[in-house]
Amino acid sequence: MPLYFAYGSCMSFSDLERTTSFEYVGTGIVFDYRLAFSVYSRTRQGGVADIVYAPGEKVEGILFEVPNFEQLDRREGHPNFYRRREIEVWDEQAKTMRVASTYEVVHKKTVEIPPSDEYANILLEGAKRLSEPYQQQLQAHIFSLWGKEKTPR
């Protein structure tokens, strides 16, 4: 089955299962990218996750095997909103680099857009399988976009 690297709301098993069947593979890391909220989603009513090239940084996420990408392409608005692309991912369990498909925003904004409470909570729930330092970094990033006025519910 094809390998999929999820770094946003699809890290949440309950959110992903609304779209497709999957097999959990483990956690992964994409190097030289950072997570950003670079586009507004009407569906999510706020900024949504994206990967942006950033030398020296990293994005942690979840590796899944999926039957195909048809349903995920539809969910992510491929090829107009997000585009599916292949990326090298460090597989934390296999301790090797693997090639996986992921989604990247097509028309990125230069200024990040704060995510909604609901989206942030889905993202943070999915991130519970990732390293503690990355979870803290992700939460701090969301808080900074909110101006530290809100906390996830």
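Any Cβ shown, glycine's included, is placed from N, Cα and C.
Residues TYR4, PHE5, ALA6, TYR7, GLY8, SER9 are given by TrEMBL as substrate binders; from TYR119, TYR134, that same site also lists TYR119. Set side by side, the binding-site residues TYR4, PHE5 differ in how many other CB atoms lie within 10 angstroms of their CB, and the most is found at PHE5. Neighbours of SER9 (substrate binding site), defined as other CB atoms within 10 A of its CB across all chains, total 24. Of the listed binding-site residues, namely TYR7, TYR119, the sparsest Cβ surroundings within 10 Å are found at TYR119. Using Cα positions, the member of the binding-site residues TYR4, PHE5, TYR7, SER9, TYR119 nearest to GLU76 (active site, proton acceptor) is identified as SER9. In this structure, TYR7 (substrate binding site) belongs to neither helix nor strand by DSSP; it is coil.
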